[in-house]
Amino acid sequence: MSKGSVLPQYIAGLSASFGALCMGASIGWSSPVEKMITESTDYGFAISTSQFGWVSSLLTLGATVVCIPIGFAIDWIGRRPTMLALIPPYMVGWVLMLFANNVTMLYFGRFILGMCGGAFCVTAPMYCTEICTTALRGTIGAFFQLLIVSGVLYGYLVGAFLPLLTINILCAILPLIFATIHFFMPESPVYLAMKGRNEDAAKSLQWLRGKGADIDDELKEILEESQKQIDAPKVNIVAALRRPIVLKGLGIAVLLQVFQQWTGINAILFYSASIFEDTGSGLSGSNAAIIIGVVQVTSTLVGVAIIDKAGRRILLLISGLLMAVTTALMGVYFQLSESNPGSMDNFGWLPISSICIFMVFFSIGFGPVPWLVMAELFSEDVKSVAGSIAGTSNWLSAFMVTLLFPILKTAIGPGPTFWIFTAIAVLAFLYSLFFVPETKGKTIIEIQHMLAGGKAVDLDTKSAGGNKEQT
């Protein structure tokens, strides 16, 4: 028997993460179409700036409300069926966007698209970490963020060169492409084992490791761990979430997701065009957005390549530090521009280069790592619901930042607004330094033991699942 192939794992991981590309395209849609529908009325009816603000924000609000319900669904019906079941509502959302004849249809369309995208944000990272070997978990787990930013760039590109109807059609076909590909992928062997479907789990694992691979040891480990979950005393989910070890993991997962958004990423993405125009760079809004999208995709590729080599924690530290520096520089530029008009006319390169550097270091650290860590920290009995709580915190933060950024920018000015992001990035750096454990190359049992405060790793410690209620 051979060691098999890693290719099936990459295929299944990319397939599941294609749902993130669908969400990314919905995020990227906002920037290029803003002028089309607020100034040119391409929909055939008037949309005010404040109404467009809600059209943008309802995407993240939809993602916020769906995360916790989807956490229960993926345990009831499975990871793969849940993702495939999202396609009909996804299409309903895009049909509303295609045929909207009033702003209410746009509101509902964006909200539904957000719900479907938010559901993928919980399900896909979990599926990806369950189908791969420990050695590949970082790389395949980071596919999710790579496909999100690729989707954003896709939205920017089609939006820059095509009319509104074509943009909507090209975004609407993405969920159909996902369904066509993912239909042929296996269910997570971990989920199948949890449900007592041992033969199906073996078939799934064999497909993922390759026909010639020896899966006996790995299958035995999965089945034993699942049996522990089955044999453990049954407790309701609220009691399970209140275990100290779960609360600690939940605190880490939630705060990383909050830091990801409150360091300003979506504010910069959604308002990149106006930021570039405010600097007098001479770049059109659409060209500026494409530059940012290319930088983000390229940097995320680098992050995917190094995340299993460098480790999660070091990438968070580098990311937090550089995001603090770049947002501080952006704040200085805008503050001096406002207080002393004309003084920064020769420094238009400063905010542009700062935004690009911000994107680079966000994309290798606080972009992919929170989603990966969210799927790594929890035992199987709480993973779905705990992950959905973390996902909810992410999208609620995204909604609040998107809504508050233009308000703060008007009320206190862009300089102090960016300094708020600086302060939060410093907090993110310090939190990562003192409280985030390194999960690179560790099994779920080892990670649970770390969270329990163990100094040395004892593989026989029954700290996973319900077997270690006291910590």
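Cβ from N, Cα, C; glycine included.
All TrEMBL annotations are machine predictions without curation.
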Per TrEMBL, the range holding transmembrane segment, considering 7-27, 385-405:
385-405
Given a Cβ distance threshold of under 8 angstroms, which distant residues of the chain, six or more beyond its ends, lie next to the transmembrane segment (54-77)?
23, 26-27, 30, 37, 47, 85, 103, 106-107, 110-119, 121-123, 126, 266, 270, 384-389, 391-392, 395-396, 398-399, 402-403
Mind checking which residues of the chain, 6+ beyond the ends of the transmembrane segment (385-405), have their Cβ under 8 Å from one of its Cβ atoms?
53, 56-57, 60-61, 63-64, 67-72, 75, 114, 118, 121-122, 125-126, 237, 241, 246, 249-250, 253-254, 256-258, 260-262, 264, 266-267, 270-271, 370, 374-375, 377-378, 417
Select the range from 84-101, 107-128, 140-158, 314-336 that forms the most Cβ-Cβ pairs under 8 Å with the transmembrane segment (288-307).
140-158
Cβ pairs under 8 Å between the transmembrane segment (140-158) and the transmembrane segment (84-101), at least three:
no
Short question: most Cβ pairs under 8 Å with the transmembrane segment (417-436), which of 84-101, 314-336, 348-373?
314-336
